[in-house]
Amino acid sequence: MKNYVVICLLSFMVSGCVTTPEPSMEHVVDYALNRAVEQYKHMYAVMDSIPEMLPRSVDKNGGLETSDSYFWTSGFYPGTLWYLYEYTGDEQLKEMASRMSDRVEIQKYNKDNHDVGFMINCSFGNKYRLLGDTSCIDIITTTARSLSTRYRSAVGCTRSWSHPGTLHWQFPVIIDNMMNLELLCRATEFSGDKSFYNMAISHADKTMANHFRPDYSCYHVVNYDTISGNALQKCTWQGYADESVWSRGQSWALYGYTMMYRETKQPRYLEQARHIARFLINHPKMPQDKIPYWDFDDPGVPNVLRDASAAAIMASALLELSGYVDKATGQDYIAVAETQLKTLASDEYLAKPGENANFILKHSVGFLPQNSEVDVPLTYADYYFVEALMRYRAMCLKE
Ligand code: GLY
C-alpha cells in the first residue's frame, strides 16, 4: 500500500511536470494572426521590388513563386492584407493592401475565366467592406459585367474555363465556381441590376441539381450541352478520380452554399450547406485533427498528403454556417472549426518567422494529378485561414 501511494505521488509529480495546459483559443487566434502579420509584412518587402506580380506559391527549391494578376489566385494576397489591416488597424498594412489590390484591378475586364470573382471580390470586396471606398463599386460592377458574359441562359450557369487544355468540354462548370457568385450578388446590391443576382441564383440551383451525389459529396466538373443545357458528363480535373471526393471541392461547395444562403436567405441553400457539412464532418476518413486528405478516396489513405487549404476553407465556412442553425448544431460546427484552427496554428502547419517564403501555412495541395503545387504553401490557404481566425474572433471571443 505504501509503495502504491509513493508510485501515485511520483507519477502525479512527473505528469504535473511534463503536461502543459492546452492553450486557449484566444491565445491560438492571436498567436496565428500575429504570425500572419509578421510573414505578410516580410512578403510585402519582397513583392514591392517585383512590379506588377503577386505571390502564388513556392518553386521546387522552396523560393517564392509569383504570378501576374491574370492567374486565378491574384486577389488572395491583397485580400489577406485587408484582413490583417482589420485585425491590427495598422496604417502600413492598409497601404500595402491598397497597393497590392491595385495590381489586380485590371482583371475587372477579364472575360476569359470565372475566377474574376475570387480576384476582385477578395481584394476590392474587402477594401469596400473596410473603407467604404466608393471607387470599389465601379470595379466590382465592371467585373460582374465581365463575368456575366460567361453566362449562357440555355445552361443557366456561368462557364468556368475556356483555356486550351479544357476545350474537350462543351461548357465546363466546376464546383469552385460557386465562390464567384458572391461578386454577382454584390454587383446587384451596388447597381440595382437584378440580372447579376438572377444569374447567381440560377447557377447555384443548376449546380445543386447536377454536381451532387446522393450522399452530398460533389463532382469537380460538370460538362453541359450548350444547346439543351443537359449535363453530358460528370468528372474531375484536380481530384483522384471522377467518382472520388476531392477535398477542396467539398470545401468550396460548403462555403458556396453557406454564402448563397447569406446573400439570398433561400432555405434550400441552407439545407444544402447543412447536408454538405454533415457529409464532411461524419466522413469516416476525416482525420482526428480535421485536416482532410487531399482526396478522401486516394487508395493510399491514410498515407497520403493532407490539404491545409481544404481545412481552412471548411473552417471559415463552418463558422459562418454555425450562425444560421440551431445552437447544438452550431456548437458542433464550431468544435470542428476550432480543431482545424488549432491544428493549422501548430508547428506542423504554421510557418516559423521568415520561413516558408513568408507564406503563413505549409502543406497544401494544388493540383496533384499534374504534379503541380504539391505539399506547398498557397495564397488561398492563407486567405481562408486568416478569414476563419477573424470570424472566430468576432463570433466567439469578443463580448
Ligand atoms: N479553383 C481551383 C482550385 O481550387 O484549385
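Cβ coordinates are placed from backbone N, Cα and C, and glycine is handled just like the others.
Listed in TrEMBL for this protein:
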- ASP115: active site, nucleophile (ACT_SITE)
- ASP176: active site, proton donor (ACT_SITE)
- ASP115, ASP176, THR236, ARG248, TRP252: substrate binding site (BINDING)
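Among the recorded positions ASP115, ASP176, THR236, ARG248, residues whose Cβ is positioned under 6 Å from ligand 1 are identified as ASP176, ARG248.
Overall, the recorded substrate-binding residues ASP115, ASP176, THR236, ARG248, TRP252 cover a maximum inter-Cα distance of 18 Å. For ARG248 (substrate binding site), the Cβ neighbour count at a 10 Å cut-off comes to 28, with all displayed protein chains included.
The Cβ of TRP252 (substrate binding site) lies under 8 Å from the Cβ of ILE175, ASP176, MET178, MET179, ILE313, each on the same chain and at least six residues away in sequence. Between the alpha carbons (Cα) of THR236 (substrate binding site) and ASP115 (active site, nucleophile) lies a span of roughly 18 Å. Sequence-distant neighbours of ASP115 (active site, nucleophile) (same chain, 6+ residues apart, CB-CB distance under 8 A): TRP72, ASN180.
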